[in-house]
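Peer 1: Pasting the feature list from TrEMBL:
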| type | residues | note |
| --- | --- | --- |
| ACT_SITE | 27 | active site |
| ACT_SITE | 75 | active site, proton acceptor |
| BINDING | 27, 218 | Mg(2+) binding site |
| BINDING | 28-32, 40, 44, 72-74, 76, 78, 199, 205-207 | substrate binding site |
Ligand code: FPP
């Protein structure tokens, strides 16, 4: 058991139980920009800065995996210019943010259907993955063109194929066999499922984000818009998580 006493305010926060895997639905970029009379994309730009700060803080606190919802399979329906801007973020991410993450021993990984990503987006993400692949610290796991139901559907297809080829008996299918076919199967077994999911901007839903993996996650909703979410807000969320008693269906 340990507590961080970095500032007076921290003394009031209980941070002795750090969630190993945190999922974040980074919402509110557009509204943040609109409030400042700026184009929506400026919110995404500011959202990148917030993500960098939060990733470094999470790493310092001992979080092992941070899965962030960067682009959902439904986000393609946004105005073309905005989609183009978001798809270009990984290029900026690689040049401006990856060097500092690398210094902090952060490993970048990705889940989602990468086959539909523009080539530059895919290449920039691949470079980030490649550059940080030997790092042993926090895994910053981008959900990019990710959809939870599609992920489960693919797992079912893969199992159905194995049944067809008589490799698996339907009666022998286990939860682990499904989990092993999900996109999070690259994560260490103990950290595959988020302990805590944070959604910013006051929306109270999970929007197809890791539906299987979040079955037992603690959910934390805050009115803070994503670009304003900072180190203190992260600690506040962890402090709230610490107050909850996770029973996994037991007593
Ligand atoms: C939701 O806000 C945010 C997004 C769809 C994009 C978030 C992405 C980042 C912060 C950076 C991702 C980085 C990389 C490298 C891919 P919104 O636009 O839905 O906000 P609104 O609800 O206020 O309109």
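A Cβ is built for glycine as well, from the same backbone N, Cα and C atoms used for every other residue.
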Peer 1: Could you find out if DSSP has residue 32 (substrate binding site) as helix, strand or coil?
Peer 2: helix
Peer 1: Around ligand 1, within a Cβ distance of under 6 Å, which of the recorded positions 27, 28, 30, 199, 206, 218 show up?
Peer 2: 27, 28, 30
Peer 1: Using DSSP reduced to three states, classify residue 199 (substrate binding site) as helix, strand or coil.
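Peer 2: In three-state terms, residue 199 (substrate binding site) counts as strand.
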Peer 1: In which DSSP state, out of helix, strand and coil, do we find residue 76 (substrate binding site)?
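Peer 2: Once the DSSP labels are grouped into three classes, residue 76 (substrate binding site) ends up as helix.
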Peer 1: Round to a whole number and give the Cα-to-Cα distance in Å for the pair residue 30 (substrate binding site) and residue 218 (Mg(2+) binding site).
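Peer 2: About 26 Å separates the two Cα atoms.
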Peer 1: Between the Cα atoms of residue 32 (substrate binding site) and the residue listed as 'active site, proton acceptor', what distance do you get, rounded to the nearest Å?
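Peer 2: One finds 18 Å between the Cα atoms of these residues.
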Peer 1: With a 10 Å radius around each C-beta, find which of these recorded positions (27, 218) has the fewest other C-beta atoms nearby.
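Peer 2: Ranked by other Cβ atoms within 10 Å, the recorded positions 27, 218 bottom out at 218.
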Peer 1: Fewest other C-beta atoms within 10 angstroms of its own C-beta: which of the binding-site residues 32, 76 fits that?
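Peer 2: It is 76 that, of the binding-site residues 32, 76, has the fewest other Cβ atoms within 10 Å.
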Peer 1: Going by Cα-Cα distance, pick out whichever of the recorded positions 27, 206, 218 is nearest to residue 75 (active site, proton acceptor).
Peer 2: 27
Peer 1: Per DSSP, residue 44 (substrate binding site) is which: helix, strand or coil?
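Peer 2: In the DSSP reduction, residue 44 (substrate binding site) maps to helix.
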Peer 1: Cβ-Cβ under 8 Å from residue 199 (substrate binding site), same chain, 6 or more residues apart: which ones?
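Peer 2: Expected: 24, 25, 27, 205, 206, 219, 220, 221, 222.
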Peer 1: I need the most crowded of these binding-site residues: 28, 30. Count other C-beta atoms within 10 angstroms of each C-beta and give me the top one.
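Peer 2: Selected residue: 28.
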Peer 1: Tell me the Cα distance separating residue 218 (Mg(2+) binding site) from residue 73 (substrate binding site), rounded to the nearest angstrom.
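Peer 2: Rounded to the nearest whole number, the Cα-Cα distance is 24 Å.
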